[in-house]
Protein chains: 2
Amino acid sequence: MLTDLYKEIEKHVNWLSSIGLDPKGGTTRLLYDLAWIEAQNSLKNKFEETGLSASFDSVGNLFGKLEGSKYPKETIMTGSHVDTVVNGGALDGQFGIIASYLAIKMLKEQYGQPLRNLEVVAMAEEEGSRFPYAFWGSKNIFGLADKNDVLYAEDTKGILFKDAMNQAGFNFRDENEKIREDIKAFVEIHIEQGNVLEKTGKQVAVVNSIVGQKRYDITLKGQANHAGTTPMGFRHDTVYGMSKMISESIDQAKELGDPLVLTFGHIDVKPNTVNVVPGETFFTMDCRHTDGQVLGDFTKEMESLFRKIAKDLELEIDIDNWMDEKPVPMSEKIVKILEEACQEKSLNYTTMHSGAGHDSQIFAPQVPTAMLFVPSVGGISHNPAEATKTEDLVEGIKALIASLYKLAYEE
Amino acid sequence: MLTDLYKEIEKHVNWLSSIGLDPKGGTTRLLYDLAWIEAQNSLKNKFEETGLSASFDSVGNLFGKLEGSKYPKETIMTGSHVDTVVNGGALDGQFGIIASYLAIKMLKEQYGQPLRNLEVVAMAEEEGSRFPYAFWGSKNIFGLADKNDVLYAEDTKGILFKDAMNQAGFNFRDENEKIREDIKAFVEIHIEQGNVLEKTGKQVAVVNSIVGQKRYDITLKGQANHAGTTPMGFRHDTVYGMSKMISESIDQAKELGDPLVLTFGHIDVKPNTVNVVPGETFFTMDCRHTDGQVLGDFTKEMESLFRKIAKDLELEIDIDNWMDEKPVPMSEKIVKILEEACQEKSLNYTTMHSGAGHDSQIFAPQVPTAMLFVPSVGGISHNPAEATKTEDLVEGIKALIASLYKLAYEE
């Protein structure tokens, strides 16, 4: 079976990532575009060929179901999202669909009909890459998406969300439609998109929570001055202020330690000239932690620190906290089942949190949910260079198969 | 005389700065362009109308000479540059020409012929705003400009330096032409372009030196990583490195104190996205001091500091010191004469260094040279908002008149 799995994975990953191949590199498959339509229809055919009953919901989430013999009203769901970022890699989202499909196919071949329904899902959208809306797929499964939030949304070509959806053959969810109550567990396998597994030499991870994250825009205003003729004591240098804020807050973040992460990814300086003291500096702050209380306390402290530095240097400061997502714990019960599955199969695994967002954070508050990770080479993702060693993909699918067996085939 | 001077200054500053008025703001008058040709020819007419013998040298420096009665082989020169930056103010360079012209005119009216020649110069170019070459005017006076350095220089429209020069009616200096030996002193009056006079409440300054300056391009290379999935300990964050370098070096610069100035004016971060740890950061450093030894020692220490921080954070660092201009002391003798002139006229003056470069730094190593400054409102320059109160311009010209009297009319 192992050799087969190795080849099957490579074949399927190559196949799915080739739908929407971008001449500028990688795969670009955005919600409701032609590549997306082709991918979802091809997956539907594949599910049906394998004996799964396949169907779309109103917005275009694709489900492939293997009926349970004993508990037909209980479903164990597994899968991920079919959309990519622009010039995305071959694994983000799509590996989760391929892995789930292959796991169900192999379980069916080896053990026949499960006790509970086993269902693979290829979710319509997660990345927010075409329209300014993320998690469109998973949110619609639970009736959590408000159509007013996308009604006037346009893509970069000016195409309206609704028109793109209609042209792909889909429509808004009927608000009277009942929410599914059969989903008893959701398991999503995904690439890590970080370098923890690689650095620690592990092949699989059970994910026990998804971090909360807060994002800020920070603008400092001082005074643009001549770099030669303005003595240091007469300056209101916004780059000096920014550099103190960044270096001191990262020092404090490192002292507080994992799992806190703090990133200043974007900086714009005005006028950005070698011989002018910068009168204005804009920068962003992205802070994440698995504990909402710690995240809130730390960012509050940093806000105070920034205001103190600005006051000391006589700079104006504007702090805009435009994203505040709470941490999402995974189901303890499902985490334990996934860990046991890894132990029973003697996999080289660890348990960790996710620093990135995933469809599972929409599922987790609704149904018992947990995730599996496989390593990302160099931690690279959202990039054509995104890669995972096939032997690690194999170990990930082995973990998924063992987990789904426990959930769907055992009493 | 005072009321006249006040009106005369305003009239002449308005007149000269209107030649090359830019629809986008301020004055744009670049070497050899149409506004430049008009300005130099208009100044030539004005000099001649005032009874000065006016002439251009080969490259387009304009001289207006009032012959000396007793020492016709000794010239006291005064003036500044006629070119502006793009969207420049009404005073940088051109106020020095107006002030020198008015000073000679008034000295002539009041005292008649001087003992030594008095000569106003409207230098062709200082800013380096059209072609990548600065001090073209003053360097040519002393045969210090190498034509090979501009032979293939083009402006932003692709016009060759030589073609622009020829079309304006000028040509390269004949290499066999003798260097003038008659210039016994040079005095340049200029706006301060900083806020020292304004902050200290002075109306005039005698400038005793021009700072040396070193400029650097610094590039840090680390690793671009996902802001959520990469623990702090696994990062090679170039923005963190940069912020430590900038904050620590500015702290040290402030500790060392005036006249050291240190500026980080330009920052470019890659990929410059809120949720990616920046894998590459480019920034510039501009450092100035009146003492070459202190400047050299300080920048050397900062280089070591940057390399140490880069090593600690496991970042690659490239430091390119692309400008290294030595400090230029003014003539002690001329500085003393200017100070005496200010004292005798009971002017509200101080003595200071210049943090910016000026034509006087080309003159000073060749002939006894010193400068006068008038305040800049808000320290603003190279900007349409550049301004000096007219009463301060008056005080500056009074200092210049008194100085030129001492140099040209006294034995």
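Yeah, the Cβs are placed from backbone N, Cα and C, and that goes for glycine too.
The record from TrEMBL ties A:ASP92, A:GLU127 to Zn(2+) 2, and of the options A:HIS358, A:HIS382 it ties A:HIS382 to that site too. Among A:HIS81, A:HIS226, only A:HIS81 appears in TrEMBL as part of the Zn(2+) 1 site alongside A:ASP92, A:HIS190. Ranking the binding-site residues A:GLU127, A:ARG215, A:ASN275, A:ARG288, A:HIS382 by Cα distance from A:HIS81 (Zn(2+) 1 binding site) puts A:GLU127 first.
Minimal Cβ crowding within 10 Å, among the binding-site residues A:HIS190, A:ARG215, A:ARG288, is found at A:ARG215.
Distance from the CA of A:ARG288 (allantoate binding site) to the CA of A:ASP92 (Zn(2+) 1 binding site) is 21 Å. Put simply, A:HIS382 (Zn(2+) 2 binding site) is 19 Å from A:ARG215 (allantoate binding site) when counted between their Cα atoms. The CA atom of A:ARG288 (allantoate binding site) is located 18 Å away from the CA atom of A:GLU127 (Zn(2+) 2 binding site). When the binding-site residues A:GLU127, A:HIS190, A:HIS382 are compared by Cα distance to A:ASN275 (allantoate binding site), the shortest distance belongs to A:HIS382.
Considering other CB atoms within 10 Å as the measure, the emptiest surroundings among the binding-site residues A:ASP92, A:ASN275 are those of A:ASN275.
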